[in-house]
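Visitor: Please see the structure below; I have some questions.
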């Protein structure tokens, strides 16, 4: 229940700089973190203890981490303009870095089947990668006019949502890279984070204007929100597994839980 989420269970310490991104493994047993100290770390979610050694290879801040659906691999994106793949069990980097972006990599996400990785960059493009070979798939996705801050696959893997500093959310065909319909536009504010609902029918977004919005993925209209309460930019958003709640994290140092139907805080 939402009330049980509010109890701090443990604090994990080890990074020597900001922690920019965290990701639970699919089975919930591990947590990955990416930091300004150029490393990724894996933690035991039950004990809070670090698992193995830090994952070293990036030459600049790690801004995004994402577990593969089977929990065996971790993708990371960095200011060094690369995406890297890691073997979670050994802590070793899998093959060479995935290179192609011409500016820093702000966000990464695995497809639901684990076969592809999408990345978003300061170069205003998205790129799709083969998770097995590390090769780029097709051409970059072009349409945003400013850097791409967040990416998310739809649960069925057919679409990708991206949020950008150009104030829009764009939906893309995950096979062709073509835009799907018109961009989702709210008020003039950077879209910092996007996430799909478990059924793929809705998208939640967090913006630098301190608000959260829930959109209908088909009509592209705001269906709940803007939800107000944060006192600074909303850095991260996610739906609960049952789709009934949304959680948001902000630069104001707080997390808020919202009813996804009414928009009321829980």
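Backbone N, Cα and C atoms are what each Cβ position is placed from, and that goes for glycine too.
Predicted automatically and left uncurated, TrEMBL annotations should be read as such.
Found this in TrEMBL, in case it helps:
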type: REPEAT; residues: 12-53; note: repeat 'WD'
type: REPEAT; residues: 55-96; note: repeat 'WD'
type: REPEAT; residues: 98-139; note: repeat 'WD'
type: REPEAT; residues: 141-182; note: repeat 'WD'
type: REPEAT; residues: 184-225; note: repeat 'WD'
type: REPEAT; residues: 227-266; note: repeat 'WD'
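How about a rundown of where these features are and what they're close to?
Guide: Across the repeat 'WD' (12-53), DSSP classifies residues as 0 helix, 19 strand, 23 coil.
Mean pLDDT, taken over the repeat 'WD' (55-96), works out to 97 on the 0 to 100 scale.
Long-range contacts of the repeat 'WD' (98-139) within the same chain, counting only residues at least 6 positions beyond its ends with a Cβ under 8 Å from a Cβ of the stretch, are 60, 63-70, 73, 75-85, 145-153, 155-157, 160, 162, 164, 166, 172, 174, 176-177.
Non-local neighbours of the repeat 'WD' (184-225) in the same chain are 149-156, 159, 161-165, 167-171, 231-239, 241-243, 246, 248, 250, 252, 256, 258, 260-263; each lies 6+ residues outside the stretch with a CB under 8 Å from one of its CB atoms.
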Visitor: Please give the sequence-distant neighbours of the repeat 'WD' (227-266): residues at least 6 beyond its ends with Cβ less than 8 Å from one of its Cβ atoms.
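Guide: The answer is 2-3, 5-6, 190, 192-199, 202, 204-214.
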Visitor: What does DSSP give as the helix, strand and coil breakdown of the repeat 'WD' (98-139)?
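Guide: Secondary-structure breakdown of the repeat 'WD' (98-139): 0 helix, 23 strand, 19 coil.
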